[in-house]
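Everything on this sheet refers to the single structure shown next.
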């Protein structure tokens, strides 16, 4: 679908997910205004190198708490992708920009009379509930338990939930068409040069800094599928509410087994840090809602392989001396 000339804003455009959203939007013919902390910072050069960026991408300095700057950037746009969010577990530095930032962006979108706002939330706003039946299927109707997140000092999930609630409340009050994406842990090759938080636990296994793996199960999704999910819900007139983005659940032991198969030269751990308790089981989830819009998820094995290749290419992970550089056939 090509939509030449349509103008959209992407907040936090230099981020892991946002960079792929910008890339996809440019490929589909959109004109993009991206907000970043500093438009001249070399760390945003990867955006300028994207196909179509020279003609249809401009970068703007707009802090999440600078309402006037947000209004100026969003004015004239047909839609907004609000992906910017602080990645920290420090409540003092995270909560205000996450919550008020969501409010300010939607306020600015309402003022500009945009067609739709697509908001990047998280599975952290969905599944953190100790009272949920372990056999129950997690879907878009589920919400995390705010008190549980606060009492366990899970400030990331706490902040994501407050920010999403703020977004819904503001959108309702202002009459803004809001659609929310709730991705799980995101993997896949980054476009930016800096390593992002979600790839750190992969890197620590490969470098040998982690001698064991945790008795932990997580659900994963590819960053390119997350980006496509954002664009699909923006373009589909019928899209509404929340959308979980998730491909498959893996125990950390399965993650290191997959990595060891693809990259046996690295000192990957072979033991679990918790050998007393039963192996952690994943929660059950459904992604039928986003699949109904046409999204087909990439296998996470492919995401893991391409994540590591990208870490090698960007210099975050040294190439083993005896590395076999032949391409690997990835079975789904």
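Backbone N, Cα and C atoms are what each Cβ position is placed from, and that goes for glycine too.
Summarising the annotation, Swiss-Prot assigns active site, proton donor to 160 and lists similarity to another entry as the type of evidence. In the shown protein chains, 26 other C-beta atoms lie within 10 A of the C-beta of residue 160 (active site, proton donor).
According to Swiss-Prot, the NADP(+) binding site annotation covers 12-18, 37, 43, 63-64, 83-85, 156, 160, 183-186, 198, on the basis of similarity to another entry. Secondary structure at residue 18 (NADP(+) binding site), taken from DSSP and collapsed to helix, strand or coil, is helix.
When secondary structure is read from DSSP and collapsed to three states, residue 149 (disulfide bond) falls in the helix class. The disulfide bond feature in Swiss-Prot is assigned to 149-157; the stated evidence is similarity to another entry.
In the three-state DSSP assignment, the secondary structure recorded for residue 160 (active site, proton donor) is helix. Within 10 Å of its Cβ, the residue among the recorded positions 18, 84, 149, 157, 185 with the fewest other Cβ atoms is 185.
Other C-beta atoms found within 10 angstroms of the C-beta of residue 12 (NADP(+) binding site) number 24, with every protein chain shown included.
Neighbour counts of Cβ atoms within 10 Å were compared across the binding-site residues 15, 63; the minimum falls on 63. Put simply, of the recorded positions 149, 157, 160, the one whose Cα is nearest the Cα of residue 12 (NADP(+) binding site) is 160.
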